[in-house]
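Peer 1: Sharing the record's features from TrEMBL:
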- CYS2: active site, nucleophile (ACT_SITE)
- 2-220: domain 'Glutamine amidotransferase type-2' (DOMAIN)
- 288-428: domain 'SIS' (DOMAIN)
- 462-605: domain 'SIS' (DOMAIN)
- LYS610: active site, for Fru-6P isomerization activity (ACT_SITE)
Amino acid sequence: MCGIIGYLGERPVRSVLLEGLRRLEYRGYDSAGVAFFTENGLFVHRVKGKILDLDESLARIEVSGRAPGLGHTRWATHGEPSERNAHPHLDCRAEIAVVHNGIIENYQSLRRELASRGHRFVSETDTEVLAHLVEEALAESGDLAEAVRRALQRVKGAYALAVIWRKDPERIVCAREQSPLVLGLGEAEVFLASDVPALLPWTRRVIFLEDGDLGELSRQGVRLFRLDGSPVRRPLQEITWDASQAEKGGFPHFMLKEIYEQPEAIRDTLRGRLDPESGRVDLSDAALSPEFFEGLRKIFFVACGTSYHAGLVGKYLLEALAGIPVEVDLASEFRYRDPLVDEGTLAVVISQSGETADTLAGLRLARDKGARVLGIVNVLGSTIAREAHRVIYTHAGPEIGVASTKAFTSQLTVILLLALYLGGLSGRLSPERARLLARELVEFPGLLQKLIPKVHPLLKELSEHYFRQENFLYLGRNILFPVALEGALKLKEISYIHAEGYAAGEMKHGPIALIEESVPTVALAPRESGVVYEKMVSNIEEVRSRRGPVLAFGTQGDEHLAGLSTDFVGLPPVSWEISPLLYTVPLQLFAYEMAVRRGCDVDQPRNLAKSVTVE
Ligand code: F6R
């Protein structure tokens, strides 16, 4: 997803912009550009490719310059990735530079209209109309903030944008509608960015803009308005997490670092919320009390991708522990059907970024139909967090790798807490069982901390056997079926190997036709899962008898399973409720090592973005 950085102050503008853009790289992008001022006026430079390419080509031109400046990383939505389509975009006279994240829905009619009045367009983007609209409005008002405000009244769609103007080089004007934008305040300097990590080298004092806000930034500070021109105030917040948390900390990739951070992320997510002695869950930090859940008849989980898989696990947990009927929907499906949602419904929207467009639309639909909306969100101040009635934050810290790892296990942790909480309220979960589970959950991060460095070398070694394969099946049953889906998603998104997750019982209904020597099956079969274990063993036998290799993940010491499989990874026995947390982690490590062996860009897989703020 596009990333924006803006700066106005005394520091060398080029290096601030490049450093800011580097810290937004995790969002995924295909081209990049900057705009700032030189003695000759407004200078703009764009490249297709990485920030490194932008940096090198700027160094060759030997241009420095001064603030204000804007930088942008683009993830193509309108027009192919190219230098021409990269931001910043300019008006006809090259006096106004605009960077934008989002989609202008009515750009085609605006473009026709502007072209008919003589405006020249040089890109295929929706963004370019903004520069020309501001150009026209400036001709009338002569004031940049007023011109941007007027221009935006013509625009339909989503945007976070920032604008600079050659004739007013002491100002940046920015605005937000459905795309994230945060301002950073320093001493006689101001920043803006799509996300907090881009600001952390310089400031921790931030202001999150709301939809419909417009900001006028100068060295003296920030003035905020609504689009109707009325002034507005937003709270100044202090970011407490450390800059080094957003960096790789000695690991070769963010993804691996984040896999290793999971014990800590789970611990942080549990912190203050679970008493292992009594088994009681306290969600008062999310302003949740039994009244919020009164009259609850049904739960919908709504999410995308990995977060959707967390919702699927939630169905097993909440139905079993709390006895409440649960539906799980992909947000992109939920939003376009007519779900049976009413006041007795709790919609739980799950999102790491808190900005996923489909999930946000699902939230709004559920809310408009009268549901109570509970967000499970990792990013503080994100749109979903702000629009949900209540939010239980996952405390995974910033997740930089595009493939979700620690955010997922933190989501599972929150869902477990919710299941324990509602299980207690409904009386379905006995205090005895709640205590046992609470104790096991509190001890789980310690178990995982020991396990990760132990199984990692084995998975690395196994990747050597498997990395040349092009097709994988992942099989699980019951509560580990969603984990099979998640394992397959991890493998495909970072190693580009085709992988399908299946409920193992579905094998005979189609996928078994795929089995042959070159199609390995990853099977999840903990011995503690009773009858489901027996069924998994039968599925594994079916695969083996068709010469399919099987990489089985099961309970350590399970000689029978180990003997049956081609390769076996033994994991400690845990309760059914906690098994998704445990079995997810070695699958992440396996996907990671496979991708590394195949030479893939693990942290920024092709075609993917960290935060999917468009449909
Ligand atoms: C996969 C992955 C994606 C996200 C999905 C939803 O590793 O990260 O599938 O889970 O795009 O994102 P959030 O959770 O930010 O709403």
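Every residue, even glycine, has its Cβ placed from backbone N, Cα and C.
Automated prediction, rather than curation, is the source of TrEMBL annotations.
Just so it is clear, the model here is predicted, and its values are computed rather than measured.
Can you tell me where each of these features sits in this structure?
Peer 2: Neighbour density for CYS2 (active site, nucleophile): within 10 A of its CB lie 29 other CB atoms from the protein chains shown.
For the recorded site, LYS610 (active site, for Fru-6P isomerization activity), the DSSP three-state label reads coil.
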Peer 1: Just how many other Cβ atoms lie inside 10 Å of the Cβ on LYS610 (active site, for Fru-6P isomerization activity)?
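Peer 2: Result for LYS610 (active site, for Fru-6P isomerization activity): 25 other Cβ atoms within 10 Å.
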Peer 1: At the level of the C-alpha atoms, what whole-angstrom distance separates CYS2 (active site, nucleophile) and LYS610 (active site, for Fru-6P isomerization activity)?
Peer 2: 10
